[in-house]
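Below is one structure, written out as structure tokens, with a few remarks after it.
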Amino acid sequence: MWWDERVSARFRRNLQPTLTYWSVFFSFGLCIAFLGPTLLDLRCQTQSSLSQITWVFFSQQFCLLLGSCLGGVFKRTLAQSLLALFASSLAISLVFAIIPLCHNVVVLAVVMAVAGLAMGCIDTISNMQLVKIYQKDSAIFLQALHFFVGFGALLSPLIADPFLSDTNCILANGTANASSNLPHIRKSLVPHHPGNLSHYDLPMKGMVVTRVSYAFWIMALINLPVPIAVFFLLYKERMVPCFNGSSHPLLSADELALETRPGDKDELSTAGPRPHAAAGHEDLFSCCQSKNFRGASFTYFAVHITGALVLFMTDGIVGEYSGFVYSYAVEEPLSVVHKVAGYLPSLFWGFITLGRLISIPVSYRMKPATMVFINVVGVLITFLLLLIFSSSVVFLFVGTASLGLFLSSTFPSMLAYTEDILQYKGCATTVLVTGAGIGEMVLQLLVGSIIHDRGSYSFLVCGMIFGCLAFTFYALLVFFHRMYPKPSPEPDEESSPAKAAAPEEPGQYQR
């Protein structure tokens, strides 16, 4: 195997929980990408206007951000985390099943808000639990985790495509012109951002003809094994409530590091709390409590903030590029035909998924800090070349693929790097997930308004600016990493050569 026996042994020991977290992230990906392609059919189903139906985007994205902030609430015990994941993954299946029954746009927005909350909890908890299990070896498993979200995001539009309406799905008089614009409107809605669609006039009354319900029911069935897998993990750990299984608090990072030292286990119960250990992996609101700031250095906060700002920019680039590359391509000077331009968002997400697959073995040989450096520099160079060759359609496709590759592994690499700096004692997972979610939502809105006021060329200029800022914040993170105090060796390690020479082996699944 291309990884060493120690990591392989830890993976085998934690096989079921690891596969479960990966499958739950597949649910996240399945739910995040279906809304754009299906929104026009959902507009027909709810007989609403384009401006009304696009509020469904906002309800999902806002509640996803809220769920990410609140996800850390369920960190105190493994039972809480798994029950939250079970409820979230089951909620996603139920959302897919219920969407065809929503004939009112407000009801649909509420259902999508529930889906957003479930997705946010999945995002925070899955990343957090993998970091708790693997710690310094978590980079490779985080890369695999984010491959599954890319795979789900690639699969759901493919499932929906055969069931989408080729013409306007509300039959009324005078719809010919609107029907001819339908492919352009649909591509403008892929995958997250509604764009500026107020100038399109589609009928709101008439006979509804759509088969999109079948797509949602298929996705509900595909997702159903995921909550079943989480339930089996709960059952194996004797945490199903009807079995009255007791759950124990998750061990802190320091305790995990000590669990293989027999002589230290007895001391664990009498030892006092360590600095920042209580603040590890909190929800966002608990992280902001003043008690967690006592004795913390300036660099402790700086690492959290700069790490979150890097992901604010890079995830924001993912959101704004995937949301507006189609609109940019069909406008002058490129004037790409609608059908060809429609491949650009799919190409972008396809190479994000491919990049995450490639990053799984690469992350074992390369440090997370190096991977993040390559990512942000690659993004910067790609946007620079896109600006230089802005009149080339061929390079737009090449640049889109390149950008997808460089952005693909940024989030898991940054998470592994930041957690490693903080020795798994800060709030990095929650803060970074929240920062990424805010960036994806805010930068889409910002770029959308700038394109509307300044024209399509500003799309690439904004990307270049965001890339420069991401590189700047990464450089600051490296600077603060060098200033951050390194952990001092334990007294018993210094006095015992045998213990000092023993390899660190934290890795069993903890309750």
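Just so it is clear, glycine is given a Cβ too, placed from its N, Cα and C backbone atoms.
Remember, TrEMBL labels are computer predictions, not curated facts.
These come from TrEMBL:
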TRANSMEM  21-40  transmembrane segment
TRANSMEM  52-74  transmembrane segment
TRANSMEM  81-99  transmembrane segment
TRANSMEM  105-126  transmembrane segment
TRANSMEM  138-159  transmembrane segment
TRANSMEM  214-235  transmembrane segment
TRANSMEM  298-318  transmembrane segment
TRANSMEM  340-358  transmembrane segment
TRANSMEM  370-389  transmembrane segment
TRANSMEM  395-417  transmembrane segment
TRANSMEM  429-451  transmembrane segment
TRANSMEM  457-480  transmembrane segment
REGION    487-511  region 'Disordered'
COMPBIAS  497-511  compositional bias 'Low complexity'
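Two recorded stretches are said to be in contact when at least 3 C-beta pairs lie under 8 angstroms, sequence spacing 6 or more; the transmembrane segment (21-40) and the transmembrane segment (105-126) meet this definition.
Beyond its flanks by at least six residues, the transmembrane segment (214-235) meets 16-17, 19-20, 23-24, 26-27, 30, 34, 38, 79, 82-83, 85-86, 89-90, 92-94, 96-97, 99-100, 155-156, 159-160, 162-164, 243 of its own chain at Cβ-Cβ distances under 8 Å. Taking Cβ pairs closer than 8 Å, the transmembrane segment (340-358) reaches residues 33, 143-144, 146-147, 150-151, 153-154, 157, 183, 187, 190-191, 318, 321-322, 325-326, 329-330, 396-397, 400-409, 412 in its own chain, all 6 or more past its ends.
Only residues 6 or more beyond the boundaries of the transmembrane segment (81-99), in the same chain, are considered here, and those with a CB under 8 A from a CB of the stretch are 20-21, 24, 27, 30-31, 42, 71, 74-75, 108, 111-112, 114-115, 117-119, 121-122, 125-126, 128-129, 213, 216-217, 219-220, 223-224, 226-227, 230-231, 233-234, 237, 239, 241, 250. Proximity of distant same-chain residues to the transmembrane segment (105-126), defined by a Cβ-Cβ separation under 8 Å and at least 6 residues beyond the stretch ends, is recorded for 21, 24-25, 27-28, 31-32, 35, 42, 46, 48, 52-53, 55-56, 59-72, 74-75, 81, 84-85, 87-89, 91-92, 95, 98-99, 145, 283, 429-430, 433, 437.
Per-stretch counts of Cβ pairs under 8 Å to the transmembrane segment (298-318) identify 457-480 as the leading one among 52-74, 138-159, 457-480. Nonlocal intrachain contacts for the transmembrane segment (457-480), taken as residues 6+ away from its ends with a CB within less than 8 angstroms of a stretch CB, comprise 299, 302-303, 306-307, 309-310, 313-314, 316-317, 320-321, 324-325, 327-328, 369, 372-373, 376-377, 379-380, 383-384, 386-387, 390, 417-418, 443, 446-447, 450-451. A Cβ distance under 8 Å defines the sequence-distant neighbours of the transmembrane segment (138-159), meaning residues of its chain 6+ beyond its ends; these are 3, 7, 11, 18, 21-23, 25-34, 36-37, 126-127, 130-131, 190-191, 215, 218-219, 222, 346, 349-350, 352-353, 356-357, 359-364, 368, 371, 408-409, 411-413, 415-416, 419.
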